[in-house]
Ligand SMILES: Nc1nc2c(ncn2[C@@H]2O[C@H](COP(=O)(O)OP(=O)(O)OP(=O)(O)O)[C@@H](O)[C@H]2O)c(=O)[nH]1
Ligand SMILES: [Zn+2]
């Protein structure tokens, strides 16, 4: 059976003779299908292997959803929640993963050095903090750098506006962080979230929340689901080891077609191998630093230091420079210790192997 998939291709690839199927097109759009993915494909490919989105990752494989299909792809494809696959009905494990728009990832613990993919194709990351003691510019910057590293557009959301006498200083501080990062102030427990976050929550968009515990992430998710039953919290379970999160990663879709990422892995993102993200967020500082006389300028007391000059003439805030320096150092430290840990694990593995071998050898001789 062949189906007309021409409507899923960019407009210039369509031939007028092909009748659009608005219903199917709409279904894919709601799953987050975008021109970015469509342009990677030829029409024949789409007919033979329809695009499906990974809506859940669990032990048995990848749960995928397409315009009119729902399937489980057994473990095999290197994919994560949010990915788009070209579904091969005959050999599902051969389904091809489309190039990603964005990817949250981290290094897996252990010796295999593998990158663990947390979530793909997220459009917007809401970096959440509250207008209270949780508010911390350096911490915000860490989350923002992670979003930039993943190539996801971040938005700062300041919650608990209703509990704060005067939230303007919080807004002002947040706005100063980057001209590229919008700031939204709201009461997460009111009807405000749906209105104030509407720009990033259109049907077909995929969003995620970053932020420390208690800032209102679950409350925001619930607000975006409106009267719908939000499934947040459902993935948590209690066992003898205490409260922990299951390994399941999933996308929840609102009735309007907004995809909300729900994955425990987002809590454990480390600032490692995120040098590009840090440089992106602090592109102004990086730019100034390139003008220092010495390439290896430490921006201390070297002659011709553009950074010191910028601080002196007020173009660069001393605090911002210090935060950049700290964040960069943290990033470098974490990246280095990851490398060290990898080397250690590798050696440890070797050691275990040789000890076991020797032990077996001894046993054999007995
Ligand atoms: N008044 C008021 N309360 C809020 C607001 N946002 C969150 N809260 C409350 O703050 C508490 C924590 O909110 P949660 O949504 O559970 O926070 P969270 O970020 O999901 O926390 P974790 O699940 O631990 O990561 C709850 O009691 C919320 O009702 C807000 O804007 N205004
Ligand atoms: Zn310098």
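Every residue gets a Cβ built from N, Cα and C, even glycine.
Annotations in TrEMBL come from automatic prediction, not curation.
On its own chain, residue 219 (GTP binding site) has 159, 188, 189 as residues at least 6 apart in sequence with a Cβ closer than 8 Å to its own Cβ. Under the three-state DSSP scheme, residue 219 (GTP binding site) falls in the helix class. What TrEMBL lists as GTP binding site is 159, 160, 161, 162, 211, 212, 213, 214, 215, 216, 217, 218, 219.
Remark: residue 305 (Zn(2+) binding site) has 292, 293, 297, 299 as non-local neighbours, by Cβ distance under 8 Å and separation of at least 6 in sequence. According to DSSP, residue 305 (Zn(2+) binding site) sits in a coil region rather than a helix or strand. The Zn(2+) binding site annotation in TrEMBL covers 292, 297, 299, 305.
Residues annotated as compositional bias 'Polar residues' in TrEMBL: 1-18.
For 120-267, the entry in TrEMBL reads domain 'EngC GTPase'. For the domain 'EngC GTPase' (120-267), DSSP puts the residue distribution at 48 helix, 40 strand, 60 coil.
As annotated by TrEMBL, region 'Disordered' applies to 1-20.
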Lowest local Cβ density (other Cβ within 10 Å) among binding-site residues: 217, 299: 299
Fewest other Cβ within 10 angstroms of its own Cβ, chosen from the binding-site residues 159, 213: 213
Binding-site residues compared (161, 215, 297) - highest count of Cβ atoms within 10 Å: 215
Cβ neighbour count within 10 Å of residue 211 (GTP binding site): 24
Cβ neighbour count within 10 Å of residue 292 (Zn(2+) binding site): 19
Contacting binding-site residues, sequence order - 159, 217, 292 vs ligand 1, Cβ under 6 Å: 159, 217
